[in-house]
Amino acid sequence: MKRLLIPLSWLLLFVVIVLIAMGFYGYMLGNEHGGPAADNGRSGSPTHAELVARGAYLARAGNCMGCHTLRGAPAYAGGRSIQTPFGNFYTPNITPDKKTGIGSWTEENFWQSIHAGKSRDGSMLYPAFPYPNYTRITRADSDALFAYLQSIPAAEQANQPHDLRFPYNQRALLGIWRALYFSPEVYQQDTAQTADWNRGAYLVQGLGHCSACHTSRNALGASINETLLGGGILSGQEWYAPSLTSENEVGLGRWQTSHVNDLLKTGATTTGSVTGPMAEVVAQSLQHLTDADINAMSVYLKSLPQKRTDPADKEIMPAFLKSTVDFIMGKNVSQAEQLSNEAVLKAGASLYKTHCMDCHQAGGEGVAQVYPPLKANHKLMTSSVANPIRMVLAGGFAPATAGNPRPYGMPPFGPKLSDDEVAAVVSYIRNSWGNQAPMVSPSDVNKYRTAPLD
């Protein structure tokens, strides 16, 4: 027994040493880039007014206000809750208030937070702040952002502490997380690509932090690089950010660049509009970008490799729904299952005629520029059923933008329809007019009845 305990004690000591080493390494990440450097992208000598104007534009591009402003409170004063499986994070005050904001910070302090994920006192920041994306921002853009934030009205609003479960509330453990998942790096131009492609990549990968929503995450909350921009559930909000790399979800490869531009800039295209969290992104951020930057983002997004995925193979879909995929795809299913699904689709057809057909038309073609088509609408056939269910339950509106100032909306049907009825009509829509997607169950619908609207 003693002989066994000695090797185990040495093994335990070795593990502890490795974890300490990883933690120290993770803490030190980014320190080598702490000071200004000649090749880090800093601009020559812009005037202060030019720097502030540039920073204001960049703050729009990064949608900083979206997270750092609580509804009804001063702009950028923080306090907005970000719900995660680890607990609730609360965004900090980034106004120039010296007591509760970043009024006593320097350019270098701000650069360390953006690039290295560290606060003014050197403490590691939780990656709910998307510094794994922002690390790609150039020093010049970081300085411009800081100049703008220092120019806005100061608001004295105390920061609310995060409410996290153990052990996630132990900030020291972030060193291990960083060692595993964080790599500080300023965006490097790809000389094999065009200037538009590189500008788009810089915005999408860095300031726009698109992967923060459109990429699935592992058990520790890190983006899974193997599924980069492949779609993901927004924790706490229960919306699905669809895959940007799948032919049978968004299918950007099939889109004309001008249509991608329209969706990003106005929130609407001939085939539909954005809703949910993406509507907020368009309203507060993307519609304010230049046409050149929007086009650059579209060029980059359209260049992403597109692959065809079987929704039944996605982990995001419950296993019990796989039988319905077999039914829709004409695979071997029992007679009882087939009769059950046929009854659901028949009920869905009746509900569609009563509640949906006046706007979306009998053939699901919709009305151009008014009511989106449901036929061949890949946004309705995603591997996750979250978005179509939430739209039926709570309704929704596209964002009001300069290019689409009076968007049409959809009323909520949650108060009128039962879980069984919502499941039936969504299943019908997802499997009519050539559409093919897994059936929806009443338990799926019930899950989203209590999902937060904001």
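A Cβ is built for glycine as well, from the same backbone N, Cα and C atoms used for every other residue.
TrEMBL lists Cys64, Cys67, His68 with the feature heme c 1 binding site. DSSP assigns Cys64 (heme c 1 binding site) to a helical segment in the three-state reduction. Counting only same-chain residues at least 6 apart in sequence, those with a Cβ under 8 Å from the Cβ of Cys64 (heme c 1 binding site) are Tyr76, Ile94, Leu145.
The feature heme c 2 binding site is assigned by TrEMBL to Cys210, Cys213, His214. Counting only residues at least six positions away in the same chain, the Cβ atoms of Leu229, Gly230, Gly231, Gly232, Ala241, Pro242, Ser243, Leu244 sit under 8 Å from the Cβ of His214 (heme c 2 binding site). Secondary structure at His214 (heme c 2 binding site), taken from DSSP and collapsed to helix, strand or coil, is helix.
What TrEMBL records for Cys356, Cys359, His360 is heme c 3 binding site. Listed in sequence order, the residues of the same chain lying 6 or more apart from Cys356 (heme c 3 binding site) and placing their CB within less than 8 Å of its CB are Leu374, Val425, Ile429.
As annotated by TrEMBL, domain 'Cytochrome c' applies to 50-153 (among others).
What TrEMBL lists as domain 'Cytochrome c' is 195-305 (among others). A mean pLDDT of 93 is what the model gives for the domain 'Cytochrome c' (195-305).
Taken from TrEMBL, the feature domain 'Cytochrome c' applies to 343-433 (among others). With helix defined as DSSP H, G or I and strand as E or B, the domain 'Cytochrome c' (343-433) counts 41 helix, 8 strand, 42 coil.
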Students should find that the Cα atoms of Cys67 (heme c 1 binding site) and Cys210 (heme c 2 binding site) sit apart, in Å rounded to an integer, by 14
Around His360 (heme c 3 binding site), how many other CB atoms lie within 10 A of its CB? 21
To the nearest whole angstrom, what is the C-alpha distance linking Cys210 (heme c 2 binding site) and His68 (heme c 1 binding site)? 17
Around Cys210 (heme c 2 binding site), how many other C-beta atoms are within 10 angstroms of its C-beta? 21
Between the C-alpha atoms of Cys213 (heme c 2 binding site) and His68 (heme c 1 binding site), the distance in angstrom, to the nearest integer, is 17
Round to the nearest Å and give the CA-to-CA distance linking Cys359 (heme c 3 binding site) with His68 (heme c 1 binding site). 38
Express the distance between the Cα positions of His68 (heme c 1 binding site) and His360 (heme c 3 binding site) as a whole number of Å. 38
